[in-house]
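> Shown below is the structure under consideration.
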Amino acid sequence: MSAYKLLEKTTVCYHCGDAIMEETSPYQLDDHRFCCLGCQTVYQVLVQSDMQSYYRYNTHPGKSQKDAKADLSYLDEPNIVQKLVDYQDEDRSIITLYIPAVHCSSCIWLLEHLYKLNDAVLASQVDFMKKQASITFKSRQLSLRDLVELLTQIGYEPKITLQDVVKQGKTVNNNQLVAKIAVAGFCFGNSMMLSFPEYFGMDAFEKNYANFFGYMNLGFAVPTLLYSASDYFRSAWHSVKQRQLNLDVPLALGIFVIFLRTAVEVLSQTGPGFADTLCSLVFFILIGKWVQERTYHHISFERDYRSYFPVAVTVVGDGADQPVQIADLQVGDRIRVRNNEIVPADAILLKGRASIDFSFVTGESKVMSKSLGEIVYAGGRQVGEAIELEVVKPVSQSYLTKLWNNESFKQYEKKFDTFIGFISKYFTIGLVTIALVAATLWLVGGDPARAWGAFTAVLIIACPCALALSSPFTLSAALSILDRNKMYVKNTAAVEQMAAIDCIVFDKTGTISSPKSSTMLFEGNLSAYDRKLIHAVCRHSSHPLSREIVKWLSEHASLELTAFDEQVGKGIVAELDGHELKVGSRSFVVGSMANQDATEVYISVDGDLRGFFSLEQSWREGLSSVVHAFEEGYALHLLSGDNERRADALRAIFPQPSQLLFNQSPADKLYRVEAWQAQGLQVCMLGDGLNDAGALKKADLGIAVSDDINNFSPGCDAILDGASFDELPRFFAFAKDAVKVIHMSFAISLTYNIIGLSFAVQGTMSPLFAAILMPISTVTVISFTSLATRWFARRNRLV
Amino acid sequence: MNIIFFLIGCSILIALIFLGAFFWATRTGQHEDTYTPSVRILFEDEISQEGAKEETRKA
């Protein structure tokens, strides 16, 4: 055990737990080894401030620091700062920052002890589930930029995007609902206590108490009716006006009739009424509502281009560079975009070599190079050196923004008939009919008192409480199970929608291909002898691409080199066996500047071009098994913004009737999905980039596939972690099972209703009977749904 | 048996106090973050160099 621990200590980074590649890593301090300078620096900073406790709560609590840091100068601009902070006065500022790196108790400890690192931090509080830190600091001593730099330095870089600046659609507050549940629960408990004497039977001399208990009960029923249940009346009224009967109509009707009958009985002193039934009913259905609205995660599903864009961009001025807010960017401004930064507005390239990665916008996975004077559209990511551009269109008019604000991309009303919605149309009509028929029969029979009793009893006992609970409890249990398997569904309705899907559409780049792993491809012709030559040359290079090529060639026998010259960033010239071999970039081997691509390696032998290697993203693990599992029961299609480069490989994976469409623009994708929907298919779209955003919204179910769920993903109904991609068929099967559970629990609650109704129509229902039957049916349905959902989850191997 | 009116009055008053306490807790945000405080309580206040050494010796 101890030997194992020692081994682990020496091969992984003390800070982040990443494997240390080189045998003799230069990063070593106090007997600890680190994978990179970043991790070591964080350790050093913490040790200097006597904060080693960070490493005591968890082993390797840090996040790898290998990624490059972004430019933060925009945080010096007062008008940007003003929009980011929650509160600001002369010497104090409070800001809430989203910190994706928060993942363990050490993170909480460190972030809440920021004051040890810097005196100017007065207090900091972490909300672990939301990955947010609320920090109070003295803004005179510590600027926001310093604060963010401090956080970045210790490995907790906050994510600040344009969406933080343009704060829209604040979080929904469900405190109101909790308050209503509290009131209903309070009334329920008390009225039940006051009803017990009646249920257990009272002697004749105790009857004078009965009136007192009755009035008390009525008193508890009033706030339940007027406050706790008010939403149901509003919703029922709205739905009647719309002539679409939803489940709230019979609920509201039932609640109102219970109250009416209770009031009549208590005031006329003819009976105890049903106050406890009323309170318990409202209490249970409100809990069902709360369960339905509860979310298990704090991932935003409504992200748009604003969260993809940076807050500010560097504008090159006379003499000095200045960060400017994206919204204040003017036509004619000269901007500088560094490596890995995003071009925020359509602009003309003025200086530097631009190689733009547009994969997020168009789905085209190849890096495009632009020459001077060419227009670069907003949304592209610069790879390589810093470039300078002149803005030609304001941000709001840019190609990307326009695309987003396009009419066809607007929010679609997702018209989806849930099972409960479907049932409630007939339920209300059936219920009222039975009540009226029972009342009429008793009236004709000459017993008006019984007619009133039967009429109200039917509406009370058949109140679809259990039915109203079955769907939220089943679906939210399903939601949390999917959550645990890294499929984050927006709401319960989306789970039900998932079960109805019969057509699945995939995007290619980033969705079925993984951005993390890649494979070598060779285009051109290589003889067996050429392979030997290339192998001999690449074997001597430590460049990662050379290693990939050696792996791809898998030759053994090696030739002796007579000359070898490796030029950094360009390629290799070597002589062997009487031939001159050139291996490297296009400009190095061919001499042409066009079509630069960092991942392409050209090969020439004695000046004759043989072809090139290119590094392509490889398919996600389990793609063919996923496709195979979906083959039965689902129509499968592919919509790619990329060219047909790898169409043949995909045709081999996808079944015969599938349509594989390439070179699709974002609008094309949207119209395609629309066309399939017009054929009566329930379409599920899987995509990842902005180019899929329209299709994701238009589809009946839009699933964004992302390898880092904290990163940007377009607006959608569900976010799937790329690691769980191979489990997709099981998720869909499970969603179908969840709907099956709803159907079964509907049958159960209907059975209870029929038993209750058979008593109710005779006008002989006692309050005690109602007070027992109602909670029993509720408890049965809730426990059935929870057990059945778990059972199905286990059967689908999800728990 | 008239004492029963007084007893019921008392019990409802106490229940109302609890209801009020619950509202107060909700309004002051005590239900907003239910996870982090459970971790925070386990942190030791100040761990000095000596304290840390002592503990490793004990272990």
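Just so you know, the numbers here start at 1 and follow the chain as drawn.
Cβ atoms are placed via backbone N, Cα and C, with glycine included.
Whatever TrEMBL says is automated annotation, not expert-curated.
In case it helps, TrEMBL gives these features for our protein:
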- A:13-88: domain 'Putative metal-binding' (DOMAIN)
- A:96-157: domain 'HMA' (DOMAIN)
- A:177-200: transmembrane segment (TRANSMEM)
- A:212-233: transmembrane segment (TRANSMEM)
- A:245-264: transmembrane segment (TRANSMEM)
- A:270-291: transmembrane segment (TRANSMEM)
- A:310-404: domain 'P-type ATPase A' (DOMAIN)
- A:419-445: transmembrane segment (TRANSMEM)
- A:451-482: transmembrane segment (TRANSMEM)
- A:741-762: transmembrane segment (TRANSMEM)
- A:768-793: transmembrane segment (TRANSMEM)
> As a test: from A:245-264, A:270-291, A:419-445, A:741-762, pick the stretch that has the greatest number of Cβ pairs under 8 Å with the transmembrane segment (A:451-482).
A:741-762
> Which residues of the same chain, at least 6 past either end of the transmembrane segment (A:245-264), have a Cβ under 8 Å from a Cβ in it?
217-218, 221, 225, 229, 232-233, 235-237, 239, 270, 273-275, 277-278, 281-282, 285, 420-421, 423-425, 427-429, 431-432, 456, 459-460, 462-465, 467-468
> The transmembrane segment (A:768-793): which same-chain residues, six or more beyond its ends, come within Cβ distance under 8 Å?
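Apart from its flanks, the transmembrane segment (A:768-793) reaches 192, 195, 198-199, 274, 276-277, 280-281, 284, 457, 460-461, 463, 465-467, 469-470, 473-474, 477-478, 481, 734, 737-738, 740-742, 744-745, 748-749, 752-753, 755-756, 759, 799.
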> Below 8 Å between Cβ atoms, which of the listed ranges A:177-200, A:212-233, A:741-762 makes the most pairs with the transmembrane segment (A:270-291)?
A:177-200
> Residues of the same chain, at least six outside the transmembrane segment (A:177-200), with any C-beta under 8 angstroms of its C-beta?
206, 209-210, 213, 216-217, 220-221, 223-224, 227-231, 272, 275-276, 278-280, 282-283, 286-287, 289-290, 293, 767-768, 771
> Give the residue counts of the domain 'Putative metal-binding' (A:13-88) per reduced DSSP state, in the order helix, strand, coil.
28 helix, 7 strand, 41 coil
> Run through the domain 'HMA' (A:96-157) and tell me, per DSSP, how many residues are helix, strand and coil.
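Within the domain 'HMA' (A:96-157) the tally stands at 22 helix, 16 strand, 24 coil.
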> So how many of the residues in the domain 'P-type ATPase A' (A:310-404) end up helix, strand or coil by DSSP?
16 helix, 36 strand, 43 coil
